[in-house]
Amino acid sequence: MFSLQDVITTTKTTLAAMPKGYLPKWLLFISIVSVFNSIQTYVSGLELTRKVYERKPTETTHLSARTFGTWTFISCVIRFYGAMYLNEPHIFELVFMSYMVALFHFGSELLIFRTCKLGKGFMGPLVVSTTSLVWMYKQREYYTGVAW
């Protein structure tokens, strides 16, 4: 069993091994938040997921919420690896593509399928995916040594 001191020491060591700069810390933060978002889709019903798809909330079912939670958790794992190994070009590109998929999903739900509207449930994913994409686009060469 791990003691609290073991957890603290491991956490400090892990954080020290991360690439320098704020982008890896951002990716780690988003990854951690995504874990809680994933869990809530399994345990708290439909209320929070329906806030994202606010224009047509009845189209959100328990199954679609859990599927969304699973997808969010997979994205969380990808972004965690990105936080730890952002200097690796393949990992960087995988994280970047995960945000492109997220932006495409939410953009299509807003503009094509019309299940979302610009409310507070939708703005979080929109701001996170857009901010992350722009930031990563501008910082690729810094972290990977490879220009676009």
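Glycine residues also receive a Cβ, built from the backbone N, Cα and C atoms like all the rest.
Placement of Gly82 and Arg140 with respect to the membrane, taken from Swiss-Prot, is on a common side. Swiss-Prot lists transmembrane segment at one of the ranges 9-24, 121-136, namely 121-136. According to DSSP, the secondary structure content of the topological domain 'Cytoplasmic' (114-120) in residues is 1 helix, 0 strand, 6 coil. With a cut-off of 8 Å between Cβ atoms, the residues of this chain six or more beyond the topological domain 'Cytoplasmic' (1-25) that come close are 82-87, 135-136, 139, 142-143.
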